[in-house]
Amino acid sequence: MLTEDDKQLIQHVWEKVLEHQEDFGAEALERMFIVYPSTKTYFPHFDLHHDSEQIRHHGKKVVGALGDAVKHIDNLSATLSELSNLHAYNLRVDPVNFKLLSHCFQVVLGAHLGREYTPQVQVAYDKFLAAVSAVLAEKYR
């Protein structure tokens with residue numbers, strides 16, 4: 001459960017993420033493909049090389065969806081419903097992959113925000129991304 005303090009931290013840090021959406025999203029995807037190579041199977045048509053236009057574009061979409069979740073942090077289910085449908089029914093992505101990408105995104109935040117990525121911010125983002133992952137996995141039940 002996100003506290004009001006968590007929500008404030010998430011929104012404050014998100015202002016910094018907005019300046020680097022494509023870069024942070026692409027880096028998180030690249031990290032996921034390296035650390036969890038099985039995730040590449042969902043992107044057979046992508047050029048998976050560093051800095052590929054396809055990865056940058058998809059990374060921007062991922063971070064854009066997270067931005068929508070930040071804007072509507074109190075209504076994640078409705079905000080992410082279409083995305084959940086897409087991943088569950090069309091793409092059939094194993095829900096564990098949402099957690100893997102969440103972890104990689106947190107690594108990117110920590111690497112780029114440095115001292116601003118405090119333990120409190122990390123806990124808030126961990127809870128937020130877990131909530132997003134849970135909502136994206138709702139349609140699988």
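The backbone N, Cα and C atoms fix where each Cβ goes, and this holds for glycine too.
Listed in Swiss-Prot:
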- His58: O2 binding site (BINDING)
- His87: heme b binding site (BINDING)
- 1-141: domain 'Globin' (DOMAIN)
- Message: For a quick check of packing: other C-beta atoms within 10 Å of the C-beta of His87 (heme b binding site), how many?
- Response: 21
- Message: Can you tell me the CA-to-CA distance separating the residue listed as 'O2 binding site' and His87 (heme b binding site), as a whole number of Å?
- Response: 14
- Counts of helix, strand and coil residues, the domain 'Globin' (1-141), according to DSSP: 112 helix, 0 strand, 29 coil
- Note on the structure: Rounded mean pLDDT within the domain 'Globin' (1-141) lands at 94
- Message: Counting across all protein chains present, how many other Cβ atoms fall within 10 Å of the Cβ of His58 (O2 binding site)?
- Response: 17
